[in-house]
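Listed in Swiss-Prot for this protein:
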type	residues	note
ACT_SITE	Glu274	active site, proton acceptor
ACT_SITE	Lys343	active site
ACT_SITE	Cys396	active site, nucleophile
DOMAIN	232-485	domain 'CN hydrolase'
TRANSMEM	19-39	transmembrane segment
TRANSMEM	65-85	transmembrane segment
TRANSMEM	96-116	transmembrane segment
TRANSMEM	128-148	transmembrane segment
TRANSMEM	169-189	transmembrane segment
TRANSMEM	197-217	transmembrane segment
Amino acid sequence: MIAWTRFRERPWSGPALALIAGLAAALAHPPFGVLPGLLGYAGLLHLLDNADVQRPLRSVFWRGWLAGVGYFGLGTWWVGEAFLVDAATHGWMAPFAVTGMAAGLALFWGLAALLYRALRPASAWRVLTFAGAFAALEWMRGHVLTGFPWNLPGETWKAGSAPSQLAALVGAYGLTWITLAIAGAPAVWRQGRGGRAATGLAVASLIGLYGYGAIALSRPLSPSGPTTVRIVQADIKQDLKWDAERFAQIVQAYVSLTATPYAAKPADIVIWPEGALPAAVNDYLAPGTWVRQAIVDSLAPGQLLLIGGYRYEGAGPHPTYYNSLVALRRTETDLELVGIYDKHRLVPFGEYLPADRFLTVIGFKSLARLSDNFTTGPTPAPLRISPELLVQPLICYESLFPGLAKPDPNVRALINVSNDAWFGVTSGPPQHLNLASYRAIESAKPILRATPTGISAVVDARGRIVPGASLGLGESGVIDAQIPGMGQVTPYDNFGDVAFLALILISGVVSARVRIGKISSSIAPKRKLS
């Protein structure tokens, strides 16, 4: 006890505890799954309430920012792995990328802490103000520039678990508000009757979260349709991919797996991941090329092939590039183009360079070895790949964004192709799978997910991986499955983030009532004794 008191007296104890609180909250996310880490949010709320009284704004901001550094540092450290693919050239950038990303994303938490402080809540119900401030800034994190909603607090719950099912009602942002309100409540439980009431409501809400989820998981989905799919994962490591001498070997790996004998009839759809082959789709699918013929030979007549890859339009030294999903059908002797989906949400500094002209002038583009930018595709829309089958493609990190694709009741499944090979055997790929699976819950539609090195999977409309329908990191093989059934149209599909906005409004009303109550108390005339 004495040691703890001495520690608390240190000027650096608050910042250190804030960093630890952020780390704890990050540990609650998959693949770690240490759910008691959610108490990190209660710790952060306590630290914000007990900021330095002499410099409160500065103290609050830095505590929020440091908690964010811990949260995003542990949550996105895997981004450094991408710079180690070509370590001799880019390895020196890895520590700067990891720390820079964590520090930049943590600014949203610093601003959220300032917003919480500005509202100056005093009652125990300030936990709702805390939830509203941080949930609002998390929404901003998902929308500023192109947005990066990686590991929203509401997506702490493993997709497919009971608590995750509430995303079908309120979406990932609404679930973020609810998660923060529940997790922050222990910070106020000692504050008299109001604190006990707030904590009791949080406990009841947690029970309700699990109860609603259990009911949702027990509801039957529509029967699986007759459409079958084969997902191909060739386990081509990123550092080998751009070796020109290995190109034929990579093609052979994909076509061999595609042609693997079926237990019954050939699948209706074959899916290759994003960037499956290290060349432009225009080039390797050009008429007469050996690659085109190899693909034709690997398919049965009538089969559909969905290939993730880059393509270009126009001639000359600077054509227009797109990151695309190309749908092809095998005819009797050749391939015919069925449709193309172009990625809409591009990765900053990975697929395009913000302020391109300026950064090119100062030499950053050359330093980072970025070639011509990809071009943004149109607003995401479903792709009809057969007369009876409409799918919604999501390329790579498009699967992070709640509500990115407009709901369409005729869509049968979501197709997520991604190249997670950049991130090796780290926490990045399993986290990406978890986040993508939330789109299944929100839309009540299954996801067919293909990656080069894992994790490929068939995910049902409740966010659960279909038993036996996944390939882990470093595995090579195919997934053969029927497309799972759908659920009923969800409130989130119908109304989007309306529920989230209502929750933010509740936070605002609580804060306003507390402040009005304070003002009224301060100006009310004091009763004189007669």
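From the backbone N, Cα and C atoms, a Cβ is placed for every residue, glycine too.
Positions of Swiss-Prot features highlighted on the structure.
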{"residue": "Glu274", "record": "active site, proton acceptor", "CB count, 10 Å": "23"}
{"residue": "Lys343", "record": "active site", "CB count, 10 Å": "26"}
{"residue": "Cys396", "record": "active site, nucleophile", "CB count, 10 Å": "26"}
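Sequence-distant residue pairs (6 or more apart) of the transmembrane segment (169-189) and the transmembrane segment (65-85) include fewer than 3 whose Cβ atoms are under 8 Å, leaving the two stretches without contact. For the recorded site, the residue listed as 'active site', the DSSP three-state label reads coil. Comparing the residue listed as 'active site, nucleophile' with Glu274 (active site, proton acceptor), their Cα atoms are 7 Å apart once rounded.
According to its DSSP assignment, Glu274 (active site, proton acceptor) is coil.
Looking at the domain 'CN hydrolase' (232-485) alone, the prediction's average pLDDT is 89.
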